[in-house]
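One structure below.
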Amino acid sequence: MAVYSAAAAVLAGVESRQGSLKGLVYASNFQVLVYDLLLGKGFRGRGGRWKPLLERHQARLKAELARLKVRQGVSRNEDLLEVGSKPGSASQVPRFVRVNILKTCAEDAIDYFKRQGFSYQGRASSLNDIRALKGKCFLLDPLLPELLVFPAQTDLHDHPLYQAGHLILQDKASCLPAMLLAPPPGSHVIDACAAPGNKTSHLAALLKNQGKIFAFDQDAKRLASMATLLARAGVSCCELAEQDFLAVSPSDQRYCQVQYILLDPSCSGSGMPSRQLEEPKSCTPSPERLRALAAFQQRALSHALTFPALRRLVYSTCSVCQEENEDVVRAALQQSPGAFRLAPVLPSWPHRGLSAFPGAEHCLRASPETTLTGGFFIAVLERVEEPSSGSQAKAAASELTPSPAQREEEAAEAAAAPGT
């Protein structure tokens with residue numbers, strides 16, 4: 001939505017200059033309050049624990065709003081919102097709502113919205129169905145069975161189902177990593193760079209709260225917000241740790257049963273609609289920043305591939321830069337030759353990986369133009385199965401033991417031989 005993208009852009013500008021609001025830029029509730037303060041009608045009786053912080057930084061936020069208007073070439077706040085609402089812009093990405101199956105089901109959520117006057121249009125059959133959404137109409141996503149789709153302008157931050165943790169406001173592309181990792185109930189899973197926690201809650205829903213999620217993040221504030229989110233979502237199978245994933249030892253016995261890893265590391269965020277609103281003509285970060293990010297991402301991915309029981313890993317970013325995506329995956333695969341391969345997933349997905357190396361077409365990309373989502377990248381790596389010692393011995397024995405046809409041929413040769 002344009003209004004909240006504008007708020008996110010203001011926050012991003014303040015964070016880049018001062019740093020004291022680190023981690024809050026991507027908190028949707030915080031963005032809503034910034035919008036209310038700068039572009040709306042004040043806090044309207046809400047604000048909670050964020051209100052004193054926002055009031056303390058109000059002057060800086062207003063200064064950043066003025067800079068944003070200069071960059072966009074507009075003079076009024078209303079004009080700024082219209083910039084983000086132009087057809088074809090990132091702000092036209094629909095509002096995706098994941099039903100939290102730990103607390104409810106899609107059918108009950110649909111019935112609730114219908115009782116509130118929304119018009120349910122059934123399961124979408126194409127992107128054109130989603131593009132045509134307007135007013136109080138909504139659809140069921142054609143790929144994810146628990147994902148509802150509303151028009152881009154729909155605001156559900158104050159909706160009782162969202163406040164109760166029955167709904168998660170999460171872009172469709174952001175839902176794909178957990179869906180493609182697909183850990184069965186009872187599995188042990190690592191969420192390597194977990195905050196803010198939407199993907200973690202999705203993993204818990206897929207696990208049905210059975211099994212174990214080890215979630216790591218270095219930022220204490222983001223981790224605290226994540227704990228609140230997970231509690232509201234009814235997640236009980238997650239163990240949070242304020243720790244750098246690179247410092248986690250694969251040989252630690254706590255992780256000896258981890259067969260699934262979701263790695264969504266820090267990235268440039270160049271695919272995020274809010275970043276595109278902030279810098280519409282320059283969504284690509286500097287080469288220096290890209291090199292630093294890619295180096296960290298490659299270390300994290302290579303480290304994740306060393307966990308001994310690992311069978312399947314999903315690497316994802318909200319970046320559109322090849323340096324953070326295909327190049328990182330290629331480097332990690334080259335460091336573990338023959339051990340892992342890219343799994344071919346979602347063959348009908350319209351936007352594939354760039355042709356940076358053979359097999360890169362198995363990666364997935366997303367964008368507002370091609371998939372009506374935020375910009376995203378996903379790669380699914382799976383361990384190449386090696387024959388067990390038992391099967392190898394069986395194969396060797398079969399090579400040494402003649403087949404019935406071979407035995408008949410040898411007997412015939414022996415019968416025809418002189419002196420037999």
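Quick reminder: no glycine exception, Cβ is built from N, Cα and C everywhere.
What TrEMBL lists as domain 'SAM-dependent MTase RsmB/NOP-type' is 85-384. The average pLDDT the prediction assigns to the domain 'SAM-dependent MTase RsmB/NOP-type' (85-384) is 94.
Cβ contacts within 10 Å of Asp244 (S-adenosyl-L-methionine binding site), excluding its own Cβ and spanning all protein chains shown: 13. Positions annotated as S-adenosyl-L-methionine binding site by TrEMBL: Cys193, Ala194, Ala195, Pro196, Gly197, Asn198, Lys199, Asp217, Asp244, Asp264.
Within 10 Å of the C-beta of Cys318 (active site, nucleophile) we count 23 further C-beta atoms, all protein chains included. If you look up TrEMBL, you'll see Cys318 marked as active site, nucleophile.
Residues or ranges marked as region 'Disordered' in TrEMBL: 388-420.
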Would you please pick out, from the binding-site residues Cys193, Ala195, the one with the fewest other Cβ atoms within 10 Å of its Cβ?
Cys193
Intrachain C-beta neighbours of Gly197 (S-adenosyl-L-methionine binding site), sequence separation six or more, cut-off 8 angstroms:
Ala215, Ser225, Met226, Leu229, Leu230
If you measure Asp244 (S-adenosyl-L-methionine binding site) to Cys318 (active site, nucleophile) at Cα, how many Å is it?
20
If you measure Cys318 (active site, nucleophile) to Lys199 (S-adenosyl-L-methionine binding site) at Cα, how many Å is it?
13
